[in-house]
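Participant: Annotation source Swiss-Prot lists region '2-C-methyl-D-erythritol 4-phosphate cytidylyltransferase' at 1-220, citing sequence analysis. Look at Swiss-Prot and you will find R15, K22, H252, T351 tagged as site 'Transition state stabilizer', backed by sequence analysis. The feature site 'Positions MEP for the nucleophilic attack' is assigned by Swiss-Prot to R146, K199. The region '2-C-methyl-D-erythritol 2,4-cyclodiphosphate synthase' annotation in Swiss-Prot covers 220-376, and the record cites sequence analysis as its basis. What Swiss-Prot lists as divalent metal cation binding site is D226, H228, H260, and the listing cites sequence analysis. Annotated 4-CDP-2-C-methyl-D-erythritol 2-phosphate binding site per Swiss-Prot: D226, V227, H228, H252, S253, D274, I275, G276, T350, T351, S352, E353, F357, R360, in sequence order.
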Amino acid sequence: MRIAAILVAGGSGSRFGSDIPKQFLPVGGKPLIRHGAERLSAKVDLLQPVGCADDIAPLLQGLDHLPIVDGGKERQDSVRAGLEALVPYAPDIVLIHDAARPYFPDHTIEDLIEALQIHDGAIPAVPVADTLKRAAGNIIDSTVPREGLYRAQTPQAFKFSVLLALHRDHPGGATDDAALLDQAGHSVALVPGAEDNIKVTYPADLARVERSMSISMIPRIGTGYDVHAFETGRKLILCGIEVPHHQGLAGHSDADVGIHALCDAIYGALAEGDIGRHFPPTEASWKDADSARFLRHAAERIAARGGFLANADLTLICEKPKITPHAPAMIARLAELLGVSIDKISVKATTSEKLGFTGREEGIAAQAAVIIMIPA
């Protein structure tokens, strides 16, 4: 069974009152859109973002997703564009998720998929708890019974072929996809939603999300250390870039000592072992491998745990080559691989004052520390 997700990132956020669309505003240390994208990418086979590629692409760096497609004037136009883009991949199930919803529980997708064994669609929903009033202006006209009323949330799940056919048969669709199925006589199930699954529409919503995340996320600290000896005849790769030097570093992979230390720090913070556990040096498949693959995997593990990288601090220890001239490029590359902004990454260098193997210019050592926020 192949599962795809459409991440709808259109809309200008006019009700939010900001020049920046709400889905691009920072919350919990990263753009709003990235929270949902990371949670989806850890659960589905295909992630299809819909919106302005120039705006979205930088915010999704490091995540595995399909080429971004342009959205439409209305939300349903954007969903249709995402569905058509998924046709060549023939998914069995498609999830539709609003980029303005940064959080949903891990069990939501499992609940939705289970419901699709019987129904053509399923949505998470929360029963309406407040008393509802119908009014004309500021004058109450009547009380609306709340029994049987629910607040719909996303992600919503549908059988791909059913939803695609309905969008093609009804251009413009309905106000939402569940309504489209309901109007066509298809059954749509409700699964339990979550009060924390907040859609950011107004400025106060952003504050609610920030408070919720600060309460539900806890910091995890990890450290990593690695060392490689110099070896003639190899390129010197440090923090994902090639550094001019007359020697490279010896190792089974490309021997990127900086990335290796950083990976160990991340795995340590997640209590998931070290780089050797995930990429054993005894396996031929990792011979001369680009260590960027290792760091991308570490970033994916953060996302799979529903967390985010708060910051990373890396120190390279060597007499030569000089690191400082290359530090900005190193920071940019690490930020790209981890899918974070450059202000979350620090790369600096020191020497051992001519002492030890680094002092004798026999190799390079690296020390890393990270703080990762994960759900409590």
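For all residues, glycine too, the Cβ spot is worked out from N, Cα and C.
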Participant: Where I275 (4-CDP-2-C-methyl-D-erythritol 2-phosphate binding site) and H260 (divalent metal cation binding site) are concerned, what is their Cα separation in Å, rounded?
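Facilitator: Counting only the Cα atoms, the answer is 7 Å.
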Participant: What other residues of this chain sit with their CB within 8 A of the center of the CB atoms of D226, H228, H260, the recorded divalent metal cation site?
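Facilitator: Apart from D226, H228, H260, the close residues are V227, L249, G251, A255, D256, V257, G258, I259, A261, I364, A365, A366.
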Participant: So, in DSSP terms, is T351 (site 'Transition state stabilizer') helix, strand, or coil?
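Facilitator: Its secondary structure by DSSP: coil.
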Participant: Taking every protein chain shown into account, which of the recorded positions K199, H228, H252, H260 has the largest tally of Cβ atoms within 10 Å of its Cβ?
Facilitator: H260
Participant: Tell me the coarse DSSP state (helix, strand, coil) of I275 (4-CDP-2-C-methyl-D-erythritol 2-phosphate binding site).
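Facilitator: DSSP call for I275 (4-CDP-2-C-methyl-D-erythritol 2-phosphate binding site): helix.
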Participant: State the Cα to Cα distance, in Å, between H252 (site 'Transition state stabilizer') and T350 (4-CDP-2-C-methyl-D-erythritol 2-phosphate binding site), rounded to an integer.
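Facilitator: About 25 Å separates the two Cα atoms.
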Participant: Non-local Cβ contacts of R146 (site 'Positions MEP for the nucleophilic attack') (under 8 Å, 6 or more apart, same chain)?
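Facilitator: Result: P127, V128, A129, D130, T131, L132.
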Participant: Based on DSSP, name the secondary structure state of H260 (divalent metal cation binding site): helix, strand or coil.
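Facilitator: Assignment for H260 (divalent metal cation binding site) reads helix.
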Participant: Say you check the Cα of H228 (divalent metal cation binding site) against those of the recorded positions K199, S253, T350, T351, S352; which is nearest?
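Facilitator: Going through K199, S253, T350, T351, S352 one by one, the closest to H228 (divalent metal cation binding site) is S253.
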Participant: Reduced to three states, what secondary structure does DSSP give D226 (divalent metal cation binding site)?
Facilitator: strand
